[in-house]
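**Student:** Got a structure for you, questions after.
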Amino acid sequence: MEKDYIKNIFTVAGGVFMSQILTILISPILTRIFSSESFGIIAVFLAIVNVLTVIATFRIENILFLPDTKEEAFSLLNLLIKTVIIFSIIFCLASFFLPLQFSILLFGKDQSHWFYWIPLLVVLNGLFYGFRNWLQSIKKYRTTTFWGIVKSIILNGILLIGGYFSSSPEIFLIANIIAQTIETGFLFIQVIKNEGSNFSIRPRHEFNQLFFKYKNFPKYALPADLLNVYANQNPIVLLAYFFNSGTVGFFSLTQRVIGIPIKLVTSSTSEVFKQKASEEYNLKGNCKKSFFDTFSFLLTVSILPTIIIVAFSPFLFELVFGPEWIEAGVYARYLSIMFFFRFCISPLGFTLMISQKQKWNLIWQSFLLIVTSLGIYTGVIFDSPRVSILSFSIVYSFMYLIYFFISLRAAKGFKEK
């Protein structure tokens, strides 16, 4: 692997590590302040925000790595900003016509007002993804890494200080809004410093040309990514519906704790892989070298942590978070196989975007949502959240194996006609 490639991975990984280490350190404190129900409520809220963000951005942020020129990439960023703002305004207006009972069903009576904060978080998240990916497309990894660390400090600081005075779930909402506002705002400033002169009203025909050039992305990538995001949030929604918010809280803590080291490496690797693989594909017509280099790196790193999770997670969760959270450790053990495959394979899926195989991705995501939903429902039949979690993990792992082979084929450079 090239030295610059490894250097960029570790630059981003180091930042993600610093931003997430605080979450690891204060999680044992938070689990003794906030109930599993509180973790469940914020998990449902963020799940809805994440799904709506995909719709708001049209996934244009993933196209920012593809243009040959910096000017075209920036025009796409302008387009993303417009789509996010327009969608959020429409959603905000529509939300006032929804019955109150709908919000109570999602968040409970005491947090029913949370529904009206969703548009703000969608705007902040959507703009964040656009600004971050554009900066990374011009290799400003240190900038995005730094502000990721700042966000984590603010988020976890508010949770810790706020939790000292109150155990209300409102602390989670306040912390997320403030932290995301600051990170998005300062990334916007960095974009202005680099391309401020290009922030101007663009002619409509320019956007029409961009839509035509990348027409397969909204046609296939948007539905596929929407299905993917919902499939990831689907367990939270279904567990909350069929069981209770306490079960969601256990699942959420597992995702929060085990997902941190996974996010540390996979998100960092993915962000660098997007730029590197796009560059290789544009030059050679394939990105096999980047694909296998990245997969080998991830496979090597993943083996030992997986063994530890399988062997010791219930004991470690009880020791670190308290005896009332041992069930989350059992969930972690069941989910370990899925985490293993996600760790090794998920960053490689960007090859489907590079080679314009968005249709393949859409088909895979459709089957993923169906089989994982059936996995969760298996536990409903047996009236057991544990069976739901285990079945979900098994079918998700099988789907990741399929994803590996279609991503590999895309990396070899079979262009869509």
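Note that Cβ sites are derived from N, Cα and C of the backbone, with glycine treated the same way.
Per TrEMBL, transmembrane segment is recorded for 12-33, 39-58, 79-102, 114-132, 144-165, 171-192, 294-317, 337-355, 362-382, 388-408.
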**Student:** Can you name the far-off residues of the same chain, 6+ from the ends of the transmembrane segment (79-102), with a Cβ under 8 Å from a Cβ of it?
**Tutor:** 52, 55-58, 60-61, 64, 112, 115-116, 118-120, 122-123, 126-127, 130, 202, 207, 210
**Student:** Same-chain Cβ contacts of the transmembrane segment (12-33) under 8 Å, 6 or more residues past its ends?
**Tutor:** 141, 144-146, 148-149, 151-153, 156, 159-160, 163-164, 167, 253, 256-257, 260, 263-265, 267-269, 271-272, 320-322, 325
**Student:** Suppose I define contact as three or more CB-CB distances under 8 A, residues 6 or more apart in sequence; do the transmembrane segment (39-58) and the transmembrane segment (144-165) meet it?
**Tutor:** no
**Student:** Any residues 6+ beyond the ends of the transmembrane segment (337-355) with a Cβ under 8 Å from its own?
**Tutor:** 62-63, 66, 217, 221, 258-259, 262, 265-267, 269-270, 273-274, 277-278, 281, 287, 291, 294-295, 298-299, 301-302, 306, 309, 361, 392-394, 396-397, 400-401, 403-404, 406-408, 410-411, 413-416
**Student:** Which listed stretch (144-165, 171-192, 362-382, 388-408) has the most C-beta pairs under 8 A with the transmembrane segment (114-132)?
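**Tutor:** The listed stretch sharing the most Cβ pairs with the transmembrane segment (114-132) is 171-192.
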**Student:** Looking at 144-165, 171-192, 362-382, which one has the highest count of Cβ pairs under 8 angstroms to the transmembrane segment (388-408)?
**Tutor:** 362-382
**Student:** Under 8 Å, at least 3 Cβ pairs, sequence separation 6 or more: does that hold for the transmembrane segment (171-192) versus the transmembrane segment (144-165)?
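**Tutor:** Stretch pair touches.
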**Student:** Quick test of the contact rule: Cβ under 8 Å, at least six residues beyond the ends. What residues does that give for the transmembrane segment (144-165)?
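**Tutor:** Here the qualifying positions are 11-12, 14-16, 18-20, 22-23, 26, 29-30, 33-34, 132, 135-136, 171-172, 174-176, 178-180, 182-183, 186-187, 190, 271.
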